[in-house]
Every structure is written in C-alpha cells, then in structure tokens.
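Have a look at the structure below, then the notes.
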Amino acid sequence: MEGRRRKTTDTVPNLQQTAYRKNEGGTGKVPAAEASEFGNICLLLLLYVLQGIPLGLSASIPMILQNRNISYKEQATFSLALWPFSVKLLWAPLVDSCYWVTMGRRKSWLVPAQYLIGVFMLVLSFNLDSLLGEEGSSDVKPNVLLLTAIFFALNFLAATQDIAVDGWALTMLSRKNVGYASTCNSVGQTAGFFLGYVVLLALESADFCINYLGQSGPLLQLDGYFLFWGIVFLVTTTLVWALKKEDAEDIHADDKLSLAATYKMLGTILKKTCIRRCVVVLLTCKIAFAAADALTGLKLTEAGVPKDKLALLSVPLTPVQVLLPFIISRYTAGPKPMDVFINAIPYRMFFSLVFAGVVYVTPWFQDSNGEYPAHY
C-alpha cells in the first residue's frame, strides 16, 4: 500500500506539469490542454458552418426558381442535387482509407474539397444570371439541368468535407470532450444553413429591405453573395492547411486497413440485425410526410407569399434546432435511442396534414393588392 501510495504521489507533479503551463506574464497558470481543446472546438464549429453554406444555398434555389415559371417536374429534377448527403456512406471508406501522408489523413480530402467549393462559387457568381433566367419572364428560362449538376457537385464536395471533418473530430478532441463533436455539427450546420438560406432570401428581397430595414433596395445580390462565400472558403481553407497540424497518431492510425478491408468492415456492420432495422426505419420514415415537406413552401410561393417571409419562419426555429439536441440527449443516450425518433413520427404526420390545410386556406387571406396581412 505504501509503495502504491508513493508511486501515485510521485506522478502528480508530472501530470500537473503536463496539464498546465505558465502564462507569458507569469501571473498564474493556464490549463494548456483546455486552451488547445477550446481552439479545436472553435475550428470544428467553423468547418461545420462552412459545410452548412452549400446546403442553405441549395435550399434557397428552389424558392428563387419558383418565381421564374418552372414546372414541378423541374423542381423535382433539382431536388437530386441534395442526394450526395444521403448516399455519402458509399465513398466514406475511400475518404477514410486513402490519403497523402505528407498533407495529413483528413486534410488530404478536406483541403481539396473546400478549395473546389470555393472555386465553384466564384465561377457561379459570374454566371448565375444566365443560369437562373429572368424573374417573371417566360422568354429566358432557367437552365435547371445545369443548375442541378452544379449544385450536385457542390453538395458532393460538402458531403466529402463532412466525412473528413467527422473523422478528424474523433482525434482532434480528447476522449472526455469528443461528445462536443456532435454539438459542433448540429450548431455549425444550422448556422451555416441559416446564412445560406434565411440571410440570402431576406437580404436579397427588395420588399424585406425596404419594409423592415429602411433601405431603398436589396442589400445583397445573388452573384455578390456567392462571390463572398467563394472567397471565404478559399481563405479559411488556406489558413487551416497552413496553421492546423494533424496528430501523428491520426495520420498513422488504422494503416493495416486497406480500402477493400474498409468496405468489407462496412459490409460486416450492415449485416448486423440492429443495423438492418435502423436502415429500414431511416429509408421509410419520411414517406408519409415527404410530399408535405417538399411542396408546402413551393405552393405558398406559388400562391403569392413572398419567399423572404417564408425564409423568416426559420428564424424562431433556429434556436430550437440548436437547443433541442441538448434537451433530448438525456432520452437518446439510453439503451433505446430510437424510441424518441419513432414515437415522434405520428406527430410529424399530423403536422403534414396541418401544412396541407395551411396551403388550402392561404388564398383566403390574400387581399386585393395580392398581399398577406401580418396575422397570416
């Protein structure tokens, strides 16, 4: 017992020297590990915000196209642009197994993906007017197929970045703080989506800027907004590449797993009964309310509801989306994490009927000027 006690006592100073460092002024001790961990959390949050930007921009395009006389068939075609995030599991083993050691396991994919997103946005900023056509004109129609291909590529790159960042988060954060990775994902993606969707549609609307901000016209132009985010992607990617180093443990981890072995492991996981049940639930759970989710906003826009006001409905929901993961985590962390999800589906189906009713009664609220009162 004495020997064990002495051994424990002897290790305490070493642990303290490792965990703390003197600050530059010599006035006290700063927890070095905690300071580094806070920086890593901020970096993850930034990367997830950037990831949400293409998602928000992709969600705003259908609202913009609805005022340009396109059919629902063309809207359905553009919805294919969001598929990469649904099927990213197909190339996730490739991202995890193949990398350039000199650059780093995660940066080998993250840096090229974000650079390409930046380049795509810069090129788009100079060609958006011709791709989107003229609002209210039937002569110059949007090039929906090309828009779909471009945003499919954007979301493919964003999904690849998501795979790399998710993997990097597991080694960037310490074991006790790795749970913050999902929080960074939820908060960051929500913030990025908000910037790419709500901010764009609101500040690009002349009516919103005149009525609510006292401006003489819109504060944003589509091409300028894409140009801005293209530059942001290029600058932040360069800084991450130059300043953030990957841990050697991460670079050399799982070297024994080849690409084929990684896909084989994925197949083994998918053979498990619990995973199969989860896959069935995830593939079928949205059938009942997919139509209501996809069409409600488009039908309201078609009925004359301004798209900027529809976008503003997301403003009060944003804090809910950020806080809800913290609230329900106590219920999803137990032995039956899917119970909350499955039990919520009937309520979601009920609200699909509510949305259908809102679409039906919307024309009743339109006044003689084609506008909708505040109480609507």
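Cβ from N, Cα, C; glycine included.
Heads up, TrEMBL stuff is auto-annotated, nobody curated it.
Feature annotation (TrEMBL): of 113-132, 193-212, the stretch labelled transmembrane segment is 113-132. Nonlocal intrachain contacts for the transmembrane segment (310-328), taken as residues 6+ away from its ends with a CB within less than 8 angstroms of a stretch CB, comprise 60, 63, 182-183, 186-187, 190, 194, 197-198, 200-202, 208, 297, 300-301, 340. With Cβ pairs under 8 Å as the measure, the transmembrane segment (225-243) is packed most heavily against 38-61, out of 38-61, 81-101, 144-170, 340-361. Here the transmembrane segment (38-61) has Cβ contacts under 8 Å with residues 78, 81-82, 85, 110, 114, 117, 147, 151, 154-155, 157-158, 161-162, 165, 168-169, 172-173, 177, 180-181, 184-185, 187-198, 200-201, 226, 229, 232-233, 236, 240, 244, 311 of the same chain, all six or more residues outside its ends. Beyond its flanks by at least six residues, the transmembrane segment (278-298) meets 62-63, 66, 72, 75, 79, 270, 310, 338, 341-342, 345, 348-349, 351-353, 355-356, 358-359 of its own chain at Cβ-Cβ distances under 8 Å.
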